[in-house]
Amino acid sequence: MSTIDTTEKRERGDAALFDAAVLVAAMRAAFAKLAPRHLLRSPVMAVVMGGTVLAAVITASGHSHAGFGWAVTAILFVTVLFGNFAEAIAEARGRGQAASLRRARKDLVARRVETALGGRETRVPAAELRPGDYVMVSEGEFVPADGEIVRGVATINEAAVTGESAPVLREAGTDRSGVIGGTRVLSDEIVFKVTAEPGHSFLDRMIALVEGANRQKTPNEIALTLLLAAMTLTFLIVVASLPAIAGFVGVTLDPLLLIALLVCLIPTTIGGLLPAIGIAGMNRALSANVLAKSGKAVEVAGDVDVLLLDKTGTITYGDRQATAFHPLAGVDRVQLRDAAMLASLADPTPEGKSIVKLARQQGAIAVEAEGGDFIAFTAQTRMSGVDIGGRSIRKGAGDSIVAYVQAQGATVSPELQGRIEEVARGGATPLVVAEGRHVLGVVELSDVVKQGIKEKFAQLRAMGIKTVMITGDNPLTAAAIAAEAGVDDYIAQARPEDKLARIRAEQTGGRLVAMVGDGTNDAPALAQADVGLAMNSGTQAAKEAGNMVDLDSDPAKLLAVVEVGKQQLITRGALTTFSLANDVSKYFAILPALFAAAIPSMAALNVMQLSSPRHAVLAALIFNALIIPALIPLALRGVRFRPSSATALLRRNMMIYGVGGVLLPFAAIKAIDLALVAVLGA
């Protein structure tokens, strides 16, 4: 999916914030969340609700001025509602996204077959399918369950799940063999093996996660909740002790003023917005077409220190094309060309197809390799080829081909290493071709580093994030591309176990690691990584192992995931700073109202020159309530993220949300006081 597509999705999500249906649903849910069981999950809001009930009891019993008492009670009640509304609107947006996914889940009839080869066919409801069952799906039919293709190849429309209208190719025996229930086969026929129980499919998990049914608080969120609870308890003790202290100076305190002071002291702003921030983080990831299996995954993405990035598709465009044949001395160029083409006829990779194309462009005659035994490429052998008519042709990484030839008792000309280095220094990938015991030469495969990727890595470096390029290329090619792209380190001639070893080494050093993978051989590393981004086009094992799935199957999306995680952490930190900072102005509003009558010197604290003690209390409480809905858009969209160092981010946020959090309430409370005077009189 292009950046434009993702941007459009974000814009549609922002517009949905003000959708009438979402607002109405959130308002209803806000009242439903007044249940004690829900309120107790937020210590701050639970105390505000307790203060609301107590204020109502005091007013109803005649122990306070009725008009003032009911006004305080109403404002406190609205404060709780606004906190509930913030969480409800975040959940409502998630349910809206889930509704589109639910439409993809249909009551389907499956064609269950006996074996991977077919056999007797039985039509059964999709709900009766179990892991291990074989199902046949033909052109125009819907895939009834999650599974792995065991026979055939087909183009599949996954728009109902991923939002991407372009069909994708799925094929047995490749890293693109996974199919998702609810998608539609557009061409050909496949047999797949069911891998998920009914109700536990990929689509079911997406719906549950998006709706928030399985959302658990992240470690940082739990820590912040405990901090808010401790602060609330501390302020509760302080306020409870004030009547005794006031008695020594002959002051009788109005209980309503004490309740107002407590509510203004405790961090109600962040207390009301905290659940919404957590839910919004997962929603923002989904807006980028990334399914996070937990809020923790999004949060950890913002804390990663090391990114392991596959070269192909992430750093380069991933479209390596054969551009030249370089025969060794004594080898005819035509001999190398024809051998490379013959070894590539059954190679389904873009590189293999490009070799055939280049050979034909240079005059090679189209041939068929019927009866040949094709040798597939594996991550362990790192070569492929064909055995046909007494000939054994191999193409692959230089060291692999050298080992193959030497295993047959042959020696390799020193010229080969020079050819390999010559191609590699130019940033291309050398692919060595051998026939039998003889090395014929090198095929040059060229790729292009993505535009703007070097600047992106520079931004990551400024944030203290180390980038490591993973590639199967030889060290010289890897070094050339790493220098061009601006990565900090690279692993050349990498195997799947090398990724796992590097992740463990980084984690042993106390660093958090993120990586991308799509194959079954990537599963151990994806599971080990702190952030494992699996490609939706990959195998079921990879998607199960990772804690995130990119529905667009774009390896470069890992960079966007890091930005979403950073934005999540920055948003929570910024709003916490603002919440604590804006309490300062409330002190200057409430404290003079409590003590100025008995202690005239306390009037000096009335720096805002508020009209009366009761107006001061009402103004502070009204601001305290209104600031929650005012900040909901910021909580849901997130604070704007600008790549920079942690020190620069802290300095910027302290100026905007710290200093701003102190100054804004002074002006707002004074404006509310003037409005109260205009409406109610002095």
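Positions of Cβ are set from backbone N, Cα and C atoms, glycine also.
Annotated ATP binding in Swiss-Prot involves Asp347, Glu351, Phe377, Thr378, Ala379, Gln380, Thr381, Arg382, Met383, Ser384 plus, out of the candidates Lys311, Lys395, the residue Lys395. Packing against the transmembrane segment (616-636) from elsewhere in the chain are residues 17, 68, 71-72, 75-76, 78-79, 82-83, 85-86, 89-90, 93, 256-257, 260, 263-264, 268-269, 272-273, 276-277, 280, 283, 571, 575, 578, 582, 585-586, 589-590, 592-593, 606, 608, 610, 665, 668-670, 672-673, 676: each is 6 or more residues past its ends and has a CB under 8 Å from a CB in it. Classification of Met383 (ATP binding site) by DSSP places it within a strand. Taking CA atoms as the reference points, Ala379 (ATP binding site) and Asp522 (Mg(2+) binding site) are 11 Å apart. Following the DSSP three-state reduction, the secondary structure of Asp310 (active site, 4-aspartylphosphate intermediate) is strand. Counting Cβ pairs under 8 Å to the transmembrane segment (257-277), the top-ranked stretch among 15-35, 42-62, 66-86, 662-682 is 42-62. The maximal spread of the ATP binding site, taken as the longest Cα to Cα distance among Asp347, Glu351, Phe377, Thr378, Ala379, Gln380, Thr381, Arg382, Met383, Ser384, Lys395, is 18 Å. When Cβ-Cβ distances under 8 Å to the transmembrane segment (588-608) are tallied for each of 15-35, 42-62, 66-86, 662-682, the top count falls to 662-682. In this structure the alpha carbons, written CA, of Met383 (ATP binding site) and Asp518 (Mg(2+) binding site) are 20 Å apart. For the transmembrane segment (233-253), the residues of the chain that approach it from at least six positions outside its boundaries are 43, 47, 261-262, 265-266, 594-595, 597-599, judged by C-beta separation under 8 angstroms.
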